Structures are given as C-alpha cells and as structure tokens.
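S.K.: If you scroll down you'll find the structure; I have some questions about it.
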Amino acid sequence: MADGVSDATRDDLLRVENLTMRFGGLVAVDKLSFTARRGDITAIIGPNGAGKTTFFNCITGFYKPTEGRIALAHGSEAAFEALPAATFRGKQWTKANGACAVFLLERMPGFEIARLARVARTFQNIRLFAGMTLLENLLVAQHTVLNAASGYTIGGLLGLASFKRAEAAAIDKAAYWLREIGLVDRADDPAGDLPYGAQRRLEIARAMCTDPVLLCLDEPAAGLNPRESHELNALLLKIREEHALSILLIEHDMGVVMQISDRIAVLDYGKKIAEGTPDEIRADPRVIAAYLGVPDDEVEDVGAEVGL
Amino acid sequence: MTDTLQPETSPVTRTLPRGHITADVLKDAGITFVIALLLFGSIVGLRTDTVNGVLVLIPQFGKALALATAVAVGRLLLDVFIWRRMTDGRTFASLIPSALPVLKVAGAVGVTFGLALYSIPGFRASLVAGAGSGHPALGAITDLITFACESTFLVIAAMSIVRAARLVIGQTPDEAVGQGILRRFTADFGREFPIALLLIALALPMLTAGPSQRYAIDTATQILIYVMLGWGLNIVVGLAGLLDLGYVAFYAVGAYTYALISTQFGWSFWVCLPLAGFFAALWGITLGFPVLRLRGDYLAIVTMAFGEIIRIVLLNWQSLTGGPNGINRIPKLTFFGLPFERTGDGTFASVFGLKFDPLHRMVFLYYVILALALLTNFITLRLRRLPIGRAWEALREDEIACRSVGINTVTTKLTAFAIGAMFGGFAGSFFAARQGFISPESFTFMESALVLAIVVLGGLGSQLGVVIAAVILIGSAERFRDLEDFRMLIFGLSMVLVMIWRPRGLMSGRTPSAFLNARKNISGSFVKEGRG
Ligand SMILES: Nc1ncnc2c1ncn2[C@@H]1O[C@H](COP(=O)(O)OP(=O)(O)OP(=O)(O)O)[C@@H](O)[C@H]1O
Ligand SMILES: [Mg+2]
C-alpha cells in the first residue's frame, strides 16, 4: 500500500530512538530506532527471542528501558517540535500548539501510558479478567472515564444521575464492541469460558474500549485457525478505518502480516535489520537469513537450496 | 485368553452378595474400633498433669472410648455407603432416592418438632435435662438436635413470610409453577434466603424468651461483630485478592481509639465512631504503602507482622495504653444520651417508665452492631457495582492487565486496604464500647486467623458466605464451650473437610456487577483467588 497519496498524509506518530533494554548481560533490544506513522498498520516481525515483546513492554511502560527515548505525538507530527525542550526539562509529557501533545513514554508509568498517552495493548499470553463477564471486562477497560464520572466513588455511592448516565453510555459502548467482535450473545458469560479465538478478540475489544490512538497487538493470530485469522484481518482493517487508529502488530503468521500491514520492521537479536513495505521485506536477503538462521553471505546458497 | 479376564476391581471397592455385607462390614468396623482404641487409649486415655508440683496420671478412658466409637462408626458408614457394592454393582448410596419419602416424613416431623419446641420454651430445657441425666454427652446431643430443629423451623417460617409478602405484592418466581412443594418453596432460594435471614436478625430479640434469651442475644452480638469483621476483610481478601493476615490490627486501632478518646476527653460513641474508622483507615494506608510490591505469601507474612507490631506497641506503650492492664471503665453506649443504669435520673428505664432490666442494654447493643454490619454490607455491595469495586476485582484477576487499561494499581490497592480497615475500626470501637474494658490480649493473631477463616470458609468475595461461616464458626465455638479440649480440634477438622469438599468455600462463585441481557452467576472455578 505504498501509494504516494496516503504516504503524504501520514505523518509520524511514534518515534523510538536508540532504545536499549538489557537484562543483566543479555541485550534484548539493542539501540533500536524506529518510526511508526499515524494511520498505518506497522508490523514487527522477527524470529523467536528477537526482542519484539520486550520492545512492546518498553513502549507500554511495563519495562523501563535501559537507554533511549520513546516519543508519541497526539494531534500531528508538529508536536515533536516540543520534544527537545520536554526532554531537557525532564517532563513526562507536554502540550504543543492546539490539540497536539507529545509524550515521553519511557518516563511514564504503565497505567498513565494507557490513560493519558492512550496506548493500548494485548498480550502474547492472553490476559483477560477470567472470572468476570465479557461485559465487565469491557467496563473495567473504561475505568478512567467511569471513575471520574462517579466522582471518584463518592458521587457513585450517593447515586448521582450523571454517573448513571455515564454507566449506561459505557454499557452501550461495551455492547457495540461485543457486536463488532461477534460475541454479544455471550456478554454475560465469564471471559475464562470463551474459546481461544474469542478470547483473543475480546482482548482486542477491551483494548479498544480504552479509546487508544495506538493499539499494540502481540501475536493476535497465534493459535487461530485460517478462517479465524482471516476474520481477524477484516476486523483490524475495519477498526483502523472507523476509529482513526494506528496499529503496531507483532505477528508470526505471514498471511496476516503481508496482507494487512503498510510497513514492516524486522528485528533480530534486538537489532532492526530491515524496514520497508511488505514487498520489500519479502525480497530482503537479510530477513530470509534471519529466519533461516544463517549468516548473510550464505543466503544466496541456502536460498537456492530451498528454492527461493 | 479373554475368558480368563478378571472383572475390574479397585483396591477398596468390593462386590459382595447382599447377605454377606452385614457380617463383613461389622467385622471391618470391629477391627477399626480395636485399632483406634489402642491408639487413642495411649494418646487420649492417659493424661499427665502436675498437681502441687507432682506429676500425676489422669485416666480418661471415657474420652478414648468415645473417639474410637466415632472412628468405627465413620468406617461403617463409608463401608456401607461408598466402598461396598452389591452384586449388581450399585452402592447403598444409590438406594437413597427410594428412601426419599422416608426422609421427607422425617423432615416434616423435624420441623413440627421444631415448632413444638419453639412454642413451648420450657420443653427443650426439660428434654435436655432429661437426656442429660442419663449421660452428659446425651444431653449435649439432644440439645444440638433440638437446636437444629428450632433453627430450621425459624428459617422455614421466615422464608414463608418472605414468599407470602412477595405474593402479596404480586411477585412470583416463574420457576415456581407446577412442581413439587419443596422445589416450589426453594425456587428463588438465592434471593429469599438472605431476606429471611435479615428478618430473623431483626426479630431475634423478640424471638427468644426465658432464661436463654440473654445468652442468645449475647451470642448473636458476638456473631455480628465477626460478620462485620468478615465483611470488612472480604473487601481486601475476597474482592481485591490481597491476602491480609494482620486484619486484627485495624480492629485494635478502632478499639483503642474509642477507649482512649472516650476516657480522656469524654466524647460520645457516635463522635468517636467516625474517628475510629478514620484512624484505622489511616493505619490501613500506612500498612498498604510498604507492602504494595509484595505478593502472595510475602504479603501475608508482612501483614501478619504488622498485626503483631500493633499488639506489641499496645503492650509496651504503658503511659498511653496501660500496657497489659489495658484500659478500664470505658464509657458504655448510651441510648441517645440516656444511660442504661439501675439508679439515677434520666436513665433509659426511668425516662421510658420501665423497670430496669440489663436486657435493655444488650438489645440496644445488638441493634447497634446489626445496623453497623448492615451498613458495611450496603456500602460494600454498592462499591462492588462502582468502578472502584470492579477495579478491585480486576486487580484480583490480573494486575498486569489492569495496568494495561489505565488502572492505577497503587491507589486501587490502597483504597481496598483503607476501606477494609475502616470497617474493622468501626467494629473495634463497638467492641470496646460493649466490653467496657480492652487489653492487647483481645487482639492476638488468632483473631486475624479466625476472621480470615470466616472469609475463606464462606467463599472469597461472598457476602452471604461470610454470614453463614460466622454463624457456624462463632456460633459453634460458643455452643461447644464446655467441650473446650475438642473445640479447636473440631474447628480444624471442619476446615479441612470444607477445603476438601468445597475448596472455594461454602458459597463459591460470584454475581456479576453488571449485565447486558441476564444476570448469570459465575462458577467459582473461573474466579481467581488473587496473588497479592
Ligand atoms: N524479564 C526478562 N528478564 C530477562 N530476560 C528477558 C525478560 N524478558 C525477555 N527476556 C529475554 O529477552 C529476549 C527477547 O525476548 P522477547 O520476549 O522480547 O522475544 P520475542 O521476540 O517476543 O519472542 P517470541 O516471538 O518468542 O515471542 C529473550 O532472550 C528473553 O529470554
Ligand atoms: Mg513475544
């Protein structure tokens, strides 16, 4: 999807510079610089242990990176102009002109990244609230809005009408997302009772209920059958169109990756070894080498052997 | 080779023709009895004690005999109902449905018996005394049976009243049409049973009469204190999933707050109550901060230590708390300023023109703790439906997922600690006002363990479960006071049994806090216990 028109209108949303994450002696992410554009589906691929999940954990505040800067712009790319000043003053985020704001994610605690910077995520090993119903899962995701509407509990205890309205709206929104993922009939069943594929979709719906600008999906197609991953593609494309959303996608299923992503970044041993459109990536010898586990200079031979 | 195949037999299951069973089972039980007697004879039957500095041997063969009999009977029952099979492979337990009519008749007789007992107050006493003259144990058993019959009768009567009231206002549970009478009666058990319990609780002082009245009200007050503590701890352990073994600390803070303020400044109970709650909540937050990063077992150990720290501080801060002597002459509760005194002007009795009766004060205390407990329950139920309550439960289910949807886990944990502690503080100041005397001895680790046992036995997160567990644990502890030696044994045994049969407590599962189409209860197997 490298057509010039959409490229021109798509500005940068996320800029990652020099990101390094060390676990003792192990460098899981190594001086990674990376950009994702607003409105794109950007895929991150790489062999097992390449550091993809670690990269996500840094973006969403679950790990504090050892080094580097992760900046996210709300509004437009122009917000990045405030970045040097904000970095210098030690701020977590700053408003730029208009509705723009820039967030330095590596400085913010995880829950504020979700709440203020509006980055939502799913997990490689599904993390739902298993003992709560589907509806409750989606209501918990709207905690920030609801908690404020309940007057931080006091108003809710007194039964304010404004809280009742906010709650009804939250239930409507949850019902909307349950319809989107085709699980509205099971709204009142516990999330732990769902089949695997449905749990993955519910996790996406829960992330969407937080009103994100950036949605990070960690292997959403893992464990899905071909029909389900086809439906997942359609769902992702649809919510991207309808909700002005950008998506970061970690995925091993090349069917999903090649079909829906606008750009792909390839990680290997924590380093970015390639970046480009799906077509470029498919043809890149370094990517093939990383996946086959051979040094660069032998790619030609091995490629010939396996018939590439 | 197929014709030589043996029929499958498990090690304990034996298939016998009907006639053999009696002899076989009796032999088995006899052997068990002898072995148990040998074991218990030496362990329980002979007790050493020091009398005037001399070691003496006290024989207790009666107890040993009773225990051995109990074991043999247990073996007999297991044998007959579970292990032995008849030639057609069925167990005796499978015959129970055909015994159902008999059981029904027995149930009806029991309830009628309960009615009779209930309407003639002296009946039970004479019955128990009569049986007790044969053997004290017989008296105790008779007492237990008559008590069970009476309680059953009361519950059934209360449930009938609730059902009647619902029919009058035009609410019929839809399942109630066209089935057996028992089915119809219990059709809406989940909704009607709590209301029936509430009715009984409200009417309790009127329901009892005669010599047992004071005892009953006192025990009920005691139970309600624990219900309230259980409900408070349920917020922390059941909802937020934070295992707290030092809950008694908040109880102590509440008790000492009231005791100190009322004795030093003479403030009334109702002014001190919010203060006690406030200080307990403050302590809850103070405790919460350092343990925020701890999970599971580590959290349990540290909270337990905090509970002990409070007790030891109370014990050693002589100048403020009186140390081991405690605090004496704590002002008692007054009826809106009217004291419950025997003599003097402006006492409760003189103003209302009644004859002085210590019962007045007890009944008043009972209603105060009932109101406090109901307030706790009301607030907890409301909180569960608010974002904060949902965040607590989400925290119990998965803390990391909570952070990913923007929930501040620090403040969420702290509010759970604070609100749970606040209710503990309320209960504490009530305790001080009722007792009139407190000392650190009332706030040992055993109390924390007992309250936690109530929550766990009832079923984590279940409000009704806490009530049932408190009635069972505290009520039976009171009733079996004479059996002091065996009380803890029975307590431990029943906990073990419950954990085997109902590992998630008596009332497992949870009610969703919101629903789209229909409210369905969630089975306990999906609900997590929380890892701190
Ligand atoms: N918390 C941690 N402590 C120590 N090492 C870690 C930690 N998290 C990740 N690692 C290591 O960092 C490396 C990258 O792991 P990561 O989970 O990011 O890989 P991945 O690309 O997501 O792999 P996969 O495709 O299998 O999910 C691995 O070697 C892993 O063992
Ligand atoms: Mg991963």
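In case you wondered, yes, glycine gets a Cβ from its N, Cα and C as well.
The transmembrane segment annotation in TrEMBL covers B:25-44, B:64-83, B:95-120, B:140-162, B:193-211, B:223-240, B:245-261, B:267-291, B:298-317, B:414-437, B:449-474, B:486-503 (among others).
What's the neighbourhood like for these features in this structure?
M.R.: Beyond the transmembrane segment (B:95-120), the same-chain residues lying 6 or more positions past its ends with a Cβ under 8 Å from any Cβ of the stretch are 127, 146, 149-154, 156, 182.
If you look at the transmembrane segment (B:223-240), the same-chain residues 6 or more away from its ends with a CB under 8 A from one of its CBs are 201, 247, 250-251, 366, 369-370, 372-373, 376-377, 380, 383-384, 389, 392-393, 395-396, 412-413, 416-417, 419-424, 426-427, 430-431, 450-452, 454-456, 458, 460-463, 466-467, 469-471, 473-475, 530.
Here the transmembrane segment (B:267-291) has long-range neighbours at 246, 249-250, 253-255, 257-258, 261, 299, 302-303, 306, 310, 331, 333-334, 337, 413-414, 417-426, 428-430, 433, meaning same-chain residues at least 6 beyond its ends whose C-beta is under 8 angstroms from one of its own.
For the transmembrane segment (B:486-503), the list of distant contacts is 453, 457, 459, 472-473, 476-477, 480: same-chain residues at least six beyond its ends, Cβ to Cβ under 8 Å.
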S.K.: Do the transmembrane segment (B:449-474) and the transmembrane segment (B:25-44) come close, with at least three CB pairs under 8 A (pairs 6 or more apart in sequence)?
M.R.: no
S.K.: For the transmembrane segment (B:414-437), I need the partner stretch with the highest count of C-beta pairs below 8 angstroms, choosing only from B:25-44, B:140-162, B:193-211, B:245-261, B:298-317.
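M.R.: The stretch with the most close Cβ contacts to the transmembrane segment (B:414-437) is B:245-261.
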S.K.: Among B:25-44, B:140-162, B:193-211, B:298-317, which stretch has the highest count of C-beta pairs below 8 Å with the transmembrane segment (B:245-261)?
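M.R.: By the under-8 Å Cβ criterion, the transmembrane segment (B:245-261) pairs most with B:298-317.
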S.K.: Near the transmembrane segment (B:193-211), which same-chain residues lie under 8 Å Cβ to Cβ, leaving out any that are not at least 6 residues past its ends?
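M.R.: Distant contacts of the transmembrane segment (B:193-211): 121-122, 125, 154-155, 158-159, 161-162, 217, 220, 224, 363, 366-367, 370, 374, 464, 467.
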